[in-house]
Amino acid sequence: MLSDGHVKQSVLRLALSSRVDLDECARNISKCGSDQTCSNFYGGYSCQCPAGHRLGTDNTCVDIDECAYSNTCSILSTCVNTPGSYHCVCSPGFRNAPSNDKVCVDVDECSEDAACEHGCVNTWGGYRCTCGRGYELGKDNSTCVDIDECALAASSRRGRLCVGTCVNTAGTYRCQCPPGYRESDDGRSCIDIDECESGEATCARPGPGEVCQNTRGSYHCHTIQCPDGYRLDGKHTCKRIAEYCPVRDNSCLRRPSAYSYNFITFVSNIYLPSGSVDLFTVHGPSLAEAQLDFELGLVGVQAAPGVQPARLSCFDMRPTARQCTISLLCSLAGPQVAELELTMSVYQRDQYIGNMVARIIVIVSEYNY
C-alpha cells in the first residue's frame with residue numbers, strides 16, 4: 001500500500017507529463033528580433049544572433065569586433081572589422097595567399113608589373129630598379145638616366161678621363177683627339193703625328209734652308225734665309241763667306257762669323273717643376289784665355305688671338321766662362337712662336353776677336369699634351 005507521499009509525487013509526475021509544450025517560435029510570438037533566429041526548447045525558447053554577433057544587454061544583436069579581441073590577421077596585414085565579420089588587408093608589396101586569405105605572401109613585382117626600365121630586383125615586400133653600366137636611376141626610381149662621365153670626372157678629383165676631348169655617349173663615353181694626333185691603343189691617350197715625317201706637312205719642297213719642324217699636334221715651317229755675305233753651311237747654319245777679316249776692318253769683325261738656327265718645341269702651359277726649365281745651351285770656342293760675353297734679345301713673337309705673347313723676361317740667361325744656358329721662366333700658352341737672338345762675343349786677352357749669333361725659335365703648341 002502506497003503512502004501519501006508517494007501518491008503525491010506520482011500525481012505530480014503525471015501532471016507534468018501530461019503538459020504540452022508551447023512552441024513560441026512556430027507561433028511567432030517570441031520576442032526575438034528580425035535579425036535573430038528563434039530556437040524553441042521545452043518550456044521556452046532562445047534568441048540566437050547571426051554569426052559574428054552577440055546578444056547585448058538589451059537583447060539586441062551587437063557586432064563582434066574580431067580585430068579587437070584576437071590576433072586573427074598576419075603581422076603583415078591590417079585587420080578591418082566588418083558587420084558580422086572582418087577581413088585582412090595586406091601591407092603594400094604583399095597579397096592574400098590563395099589558400100588562406102588571413103595570410104599575406106610577398107608579391108614578386110619584377111615578374112608582374114614593375115615599371116623598371118632596365119633591371120628589377122625583387123625584395124621582401126617590394127622591389128628596386130637597377131640600371132646598366134653608365135646609367136643611374138632617375139628621380140622616379142624607375143627610369144634610367146645616362147651618366148655624363150666626362151662632366152663627372154671634370155668636377156671631381158679624379159681629373160680628366162681623356163688626354164684629348166671627352167665625348168659623352170649613351171651609357172659610356174669616348175675620347176677624341178684633335179687634328180695632328182691619333183688615338184693610342186689605350187683609348188684615352190693621344191699620340192702626336194709627325195707631319196714632317198709622314199709627308200702631310202704643306203711646307204715648301206724640301207731643300208736648302210727649308211725647315212719642317214714637327215710640334216705636338218702640328219708642325220712649323222721655317223725658311224732660313226742667309227744674310228748677304230753668308231752661305232748656308234750644313235742644315236741650320238749660315239756662315240760668313242769671308243772667313244777672315246782684313247786687318248783693322250772693324251766692320252767685318254763686328255759681323256757674326258755664323259748664324260745658327262735652333263728650334264725648340266714644347267706643349268702649351270708646360271709644367272715648370274722648379275720654376276724654370278733649361279731650353280738651350282751654347283758653347284764657346286776652345287781658345288786659350290778666351291773670354292765670352294753674351295747678350296739675349298727678343299726678335300719677335302707670333303701668338304694666336306687671345307694668347308698672351310711671350311716676353312723677354314720669360315727667358316733667363318746663365319752665362320759661365322765657357323758657355324751660356326737659356327732657360328724658360330714662364331709657363332707659356334700656345335699656340336705661339338717666339339724668336340730669340342743670343343749673341344756670343346769672343347775676347348782673347350781682352351781683345352775682341354769676333355762674335356756668333358744663335359737664333360732660337362721657340363714653338364709652343366696649342367695643346368698641353
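Just so it is clear, glycine is given a Cβ too, placed from its N, Cα and C backbone atoms.
If you look up TrEMBL, you'll see 21-62, 63-100, 106-145 marked as domain 'EGF-like'. Residues or ranges marked as disulfide bond in TrEMBL: C110-C120.
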**OP:** May I ask which residues of the same chain, at least 6 positions away in sequence, place their Cβ under 8 angstroms from the Cβ of C110 (disulfide bond)?
**Re:** C116, C120, V121, N122, Y127
**OP:** Please give the sequence-distant neighbours of the domain 'EGF-like' (21-62): residues at least 6 beyond its ends with Cβ less than 8 Å from one of its Cβ atoms.
**Re:** 83-85
**OP:** Give the residue counts of the domain 'EGF-like' (63-100) per reduced DSSP state, in the order helix, strand, coil.
**Re:** 4 helix, 18 strand, 16 coil
